[in-house]
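Taken straight from Swiss-Prot:
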DOMAIN    12-485  domain 'UvrD-like helicase ATP-binding'
BINDING   33, 34, 35, 36, 37, 38, 39, 40  ATP binding site
DOMAIN    505-805  domain 'UvrD-like helicase C-terminal'
């Protein structure tokens, strides 16, 4: 097959593996593309090669390309389009390439959800869904679930003799609520939807608990836990072996050897039992007996070695003790009874899940909405049907897609889930050896398990496929990295060769997986990777875990700030590919990567204190903003005024303006009852003189509140919000505060949220407040995000997840000492895709609870998956760096931690012992033991090579490993000597001494004047209208300059509009009609009315503006001589914008600056017509004339001509400059009286 593939062109930039990935065909292909290996370029090139293949070209719409994000899909289309356009330059006559460009926009290059949507839109009639369905908002979805679940549970509570249900409630709810039960039902529903057949998966959960006629050996949980037992016994054996080696040293405790050998024999017996059966291990564990250590005279031996030997033996004994207590303290049949007892309860739970799913789907169907999981399942429903044996097989529709698609290409395949895999399977060929599926990804970068991505799908194929593709699929490794320096790649390899393996990590980091250098860089200074471990001494630690975390963030932030500042100030150089040269590093070249963002605010604050520009998209704090918080309390009070805290907050806010004393006075009027009841009672009585002001404030607010409550029952929520903004004046008030524009923007966002809410299936204020509560419960608060330009010179802070796919010259990975998040393992119930459901055994009657076999197995499995995921997250972080990688972590006691990390230092294999890797609680627990086996850590450890193999100790990588004392970081910076005298003088308020030679310099600076003062009092950009006003202002009048700086009249916000339009708004409406009136149709009342109605529908006019249009005046214009010329003209242009440069003295009568200065002039010409003999310019005016001038139009004419002469002259200049043709005539048309003025120069 290889011989039939096109050969790589001479001088090609593609590597052999990349070229193979571009041209290989004839079977399913899996490309394992390491970080920075150019996978997107390969994918695009493969598509192009298929499209322009001379022998067998494929139309682009016969390819299905699945991407992870919409942005990736658009980028793919853009790249393919650009590549096709390049081909067209070389082959301008190619109709095939032109056809591909026209097909590209409708090609199936999209996310999996977009493809699902395309299938559903085409075959909706095969489903019970409204073809006009919409995608549900996530919060709306959550509220619907809540509503459905509440109804189901209410029904269950009302059923008599519902014994099993009430047992379920007793076991899994508290005295106060059934929230835990609701969480269980929702979690099971969500997990089931990640499987192609949700009901089948749920049924398997129940079947696993049906242990009738089974032994413990038949349980999948026991089989898995036995593997874990072997793992822990092996760990114990390693401890004893290590202790034996130490005891055999010349000054080791030799009398311990006999006991240690007995320990090894005991552990060997247990391990042999574990290889047999659960029952065998149980029996062996009951007979465990450790020999007592013989007394020795410690002074005869090396005391440190004795301690190490005893410590290792105790660790081994603890491993066995832990197994005894967790797994083998109960008889096997006791575990089986747990399953029997829980089976009917779990069966009832699963029944509730199925009922919930059915009703939830029905409610969404009634509301014409679907969610993203529905898209996948509906698509799968269309593409599959059930075979006779109950399995899923391709439907007729799926077979049509198989025939249509010549190839299916999947990007980021490592992030695919089970349902998506089934969809892909049904639209591709059955046989892997003759398949048409091309998959690209890197399982080492699969970091979305929390979104139900399944890296096992990639791993399964990677193990099954071969590099030759014989008898099945083909795998291709793209290991060359074209992003990073050797130091970054070698440093990453050195760590991952030691920590990532199949048993712990799910992936073998072997020779194929290693990163290989593909980029070339000039020689650089200080490019070694670094590990900076900060020692946080006990004296520094603030009381409490939260305080300690804050301090760790501060320590690491200060260290990073010092390093960034030093690198920038010293001119540290990075390579610039655009100029092919080294350049000084800039702030934008740095990124700080964090596992999550809680530390980001402290890091930002510290960097800002050091004068370092920094940006982080915190995406939090919106609902904590004062103005939003106050408004939310207003709406809570409108919904239910009996809530004391929201009402007190509103009364105390600037809206009502009560002070603490007034609030206390009000409360004193009624010590019982709610604030609202007390306020109502207070307002009914006559106030005392000293309470009159309080009474007036409360009466004003009380009346508003009653009006709002009435309004809320009848009108839309968004209208209510604008009503509150307008009637309280709060929107205008916050605009006058510091950061006023931002505050107003926050209030507008709240209004937008309300409109989004009203676009869902929910209505009403109460539900909106619940909607917001759910957003906050899910942690979906919004931040004041801003668009950040790629070239903006700031240090970026982001999560490792956000950084995926990005690259930066200098990367700090911080927070490496923070513990992994294991909260999911602590839940009362656990779910797993393979092992199903596990929870504690709870007997409410006996009031006992304990861990079950299923819970132990699932917890262990989830922990190993979490460890593997965290390894992959660390891999993503380290591979973002192009030139310099700096790792930072903080520990409480570096000496104690180093002792732990050094345990495996002399391990003889590349891969660290399983227990070291599986027992890690933070990234440092992997990084430090790895680096402490490298020669570059010698200066820190002073231990020598010992028995570390040469290939590890001398591995070709450069590292700087340093322990930093936290005290030095927290110490205030020393004050420079030359500043001391100045500081003392300022403290004592004395005159500051000044050297005489600097007096003149200081005087000159204080008396300096800007040389272009004239320019500062005139704008550099003007509109024609502003220039016209400048000419109209009286020569030399005192207020001429003030008029120039007067704020322009702004359009009124809609929420503040009163009935009727202003003169300016009427004029705008008339101009809009004159711009859009159809000159090809007869100008009649009926036709103009029809056209104006159309403008309202298109939102070109409001209804109010349309009502104010005097149609007869528009008709009068077209009946006039000038109007008839417009209708008969060769061409007519309306609302023509222009920009031109104009001499400053022409724009400003009072200009006294230098000649030759220019300003930018902008304007819009109402109408220009081209006739046989030239161009005529027309400006429409809605000025009031009739009745305003005693002498009528004749008196008005010279005044109006003077008023608008400058404006029309500038219009004419602009036209003549742009058209290179003189304007023959300039006309003003006044609608009031149907008058025309021809303006002469």
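Quick reminder: no glycine exception, Cβ is built from N, Cα and C everywhere.
Considering other CB atoms within 10 Å as the measure, the emptiest surroundings among the binding-site residues 33, 35 are those of 35. All protein chains shown were included, and the count of other CB atoms within 10 Å of the CB of residue 38 (ATP binding site) stands at 21. Those same-chain residues not listed among 33, 34, 35, 36, 37, 38, 39, 40 yet with C-beta within 8 angstroms of the centroid of the ATP site C-beta atoms are 42, 442, 478, 481, 482. Here residue 40 (ATP binding site) comes close to 75, 76, 79, 411: these same-chain residues lie at least six apart in sequence, with C-beta atoms under 8 angstroms from its C-beta. Around the Cβ of residue 36 (ATP binding site), 21 further Cβ atoms fall within 10 Å across all displayed protein chains. Annotation for residue 39 (ATP binding site): same-chain Cβ neighbours under 8 Å, separated by at least 6 residues, are 31, 33, 411, 440, 441, 442, 478. The secondary structure of residue 35 (ATP binding site), as reduced to three states from DSSP, is coil rather than helix or strand. Mean pLDDT of the predicted structure over the domain 'UvrD-like helicase C-terminal' (505-805): 86. Note on residue 34 (ATP binding site): other Cβ atoms within 10 Å of its Cβ, all shown chains, come to 25. For residue 37 (ATP binding site), applying a Cβ distance below 8 Å and a minimum sequence separation of six or more within one chain yields 18, 478, 479, 480, 481, 482, 518.
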